Amino acid sequence: MATESPATRRVQVAEHPRLLKLKEMFNSKFGSIPKFYVRAPGRVNIIGEHIDYCGYSVLPMAVEQDVLIAVEPVKTYTLQLANTNPLYPDLSTSANNIQIDKTKPLWHNYFLCGLKGIQEHFGVSNLTGMNCLVDGNIPPSSGLSSSSALVCCAGLVTLTVLGRNLSKVELAEICAKSERYIGTEGGGMDQSISFLAEEGTAKLIEFSPLRATDVKLPSGAVFVIANSCVEMNKAATSHFNIRVMECRLAAKLLAKYKSLQWDKVLRLEEVQAKLGISLEEMLLVTEDALHPEPYNPEEICRCLGISLEELRTQILSPNTQDVLIFKLYQRAKHVYSEAARVLQFKKICEEAPENMVQLLGELMNQSHMSCRDMYECSCPELDQLVDICRKFGAQGSRLTGAGWGGCTVSIVPADKLPSFLANVHKAYYHRSDGSLAPEKQSLFATKPGGGALVLLEA
C-alpha cells in the first residue's frame, strides 16, 4: 500500500453536494470547470504526542474532514489560488518563483510549501500555471492538522499537474520536509497519516524508514473529538520549536553522560538505539543523568564542554537563540514514557482483552498528565475539557495535536455516546456568559477515514 501512488477515483460530481458546490464556485471564479480534484484528510493523534520528531512511533488515524482542491492547469505560468472561505484572501503569483514568508503564517503559504516541495524534488523550473479553489472543513488551529492537510493536498495537486508518479511514502516525506519552509519543525506524522491512512483502521506510523502498520481499534468504543475553541497557531508560536530544541539538547546531554559521540546525536530515540536498552531503562538513565531544575545555556555548555558561541551557532536553531531556560529532564521523561505508552496501546489493541477500552483509556489519561505536567503543552481550557469528558463517561481523554489549545480526543463506550455528547455539550459549550460560540464541528464522534486521493469527474 505505502509503495503505491495515491489512488485516482472517478466520481459523479452531481452526486456529491460538496464537490458540486466547489465546481460551481470554481466556474463563477475562473469562468471554466476544474480538470480534477484532490482531497487530503486531517488527522487525530490517538496517542504519541510530541514524539515523532524525537524518532518515535505514533498512533494517529485520519478524520473524515479534509482539504479539497479543485484544479485546472493553464497555459500561463501563473498560480491563481482562491479559497471558498472569504476569510482567506486570494493569491496570484508566478508558479516558478515561489516566495514563502516565514514571519507570516498566511493560509496560502501552506499551499506554496507543498507546491515548492514537489517542484524542487523534480528540479522543475517551468511549472505550468494553475487555477486552484480550496475548500476545507477541518477546524483551523485545532490540532487536527488542517495546515499539513493543505500542504499534502498541494503536493498531490502539483504532482498530478506535472503528470509524475511518487509513492505515498515519498509524498509524505517530501511534504514533511517542505513544511519547514514555513518554519515548522514537525516530525512527519501529520503528512504520513494524510497519505497512508486507510478507512476503518488507525495506523502505527514508524520513522526511519517510514512505514505504517494497521491498528484495529476496539469495536465497542468510539473516539470523540472535542475542540477547546482555543486556537493555537503552531507556526506563529515559539513554544513548539523550543520543545524540539529541548529534546535535542536532552539527547545530547544523555549521550554525553553515557560516553557516546554526542555531537552527532539529534534525537532521543538515537540515544536509546545506540545504548540498545528498553524505554523503561532509558527513563532510569534520564533520572541519573539529568536534574529536574531547568538548565541555562551556560550549564549546558559546561556539560558538553563547549562555548556559548558553539552552542548558538552549532546547536540552537535561529528561533531558540534567546531562550534562557531549558527543561531537559521533564521533556525527556515525557518522550520516553509516551513512546512506551504507544507500544502498550498497540499491544492491547492486538490482544483485545475484555477490559481493553478501560486499559486504553488509562493510557490516554496518563498521556494527558504527561503532556500537562512534563511537556507543559496543555492549557486551562484543555484540562477543563478533559475533566468534563471523563466525568461524563469517557474511559480516557487527552489533548491531541501540538496542544496549547486545539482539541481533545476521548475514548467512549459506544452505548454511552448519546448521553456523553449531550452532557459535554452542555457542560463545556453552553457557558452562562456566552463566551463560546462554537461551530457545529466542536464536538463529534469520528471513525478512521481514508487517505489523500485524486478525483476525476466521471
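Keep in mind that glycine also has a Cβ here, set from the backbone N, Cα and C atoms.
Asp190 (active site, proton acceptor) counts 30 other C-beta atoms within 10 Å of its own C-beta, drawing on all protein chains shown. Residues or ranges marked as active site, proton acceptor in Swiss-Prot: Asp190.
The alpha-D-galactose binding site annotation in Swiss-Prot covers Arg43, Glu49, His50, Asp52, Asp190. When Cβ atoms from all protein chains are considered, those within 10 Å of His50 (alpha-D-galactose binding site) total 26, not counting its own. Mapped onto three states, the DSSP output places His50 (alpha-D-galactose binding site) in coil.
Sequence annotations record features per position, and here Swiss-Prot assigns ATP binding site to Gly143, Ser145, Ser146, Asn233, Lys234 based on similarity to another entry. Under the three-state DSSP scheme, Ser145 (ATP binding site) falls in the coil class.
DSSP gives Arg43 (alpha-D-galactose binding site) a strand state. When Cβ atoms from all protein chains are considered, those within 10 Å of Arg43 (alpha-D-galactose binding site) total 33, not counting its own. The site 'Transition state stabilizer' annotation in Swiss-Prot covers Arg43 and rests on similarity to another entry.
Summarising the environment of Ser146 (ATP binding site), the number of other Cβ atoms within 10 Å of its Cβ, over all protein chains shown, is 21. The sparsest Cβ neighbourhood within 10 Å, among the listed binding-site residues (Glu49, Asp52, Gly143, Ser145), is found at Asp52. Distance between Cα atoms for His50 (alpha-D-galactose binding site) and Asp190 (active site, proton acceptor): 12 Å, as a whole number. Pairwise Cα distances among Arg43, Glu49, His50, Asp52, Asp190, which the record gives as the binders of alpha-D-galactose, peak at 15 Å.
Nearest by CA distance to Asp52 (alpha-D-galactose binding site), out of the recorded positions Gly143, Ser145, Ser146, Asp190, is Asp190. Each residue in Asn45, Gly48, Ile51, Val58, Pro60, Gly186, Gly187, Met189, Gly401, Ala402 lies on the same chain as Arg43, Glu49, His50, Asp52, Asp190 and has a C-beta within 8 Å of the C-beta centroid of that alpha-D-galactose site, without being one of the site residues. Across the structure, Glu49 (alpha-D-galactose binding site) and Asp190 (active site, proton acceptor) place their CA atoms 12 angstrom apart.
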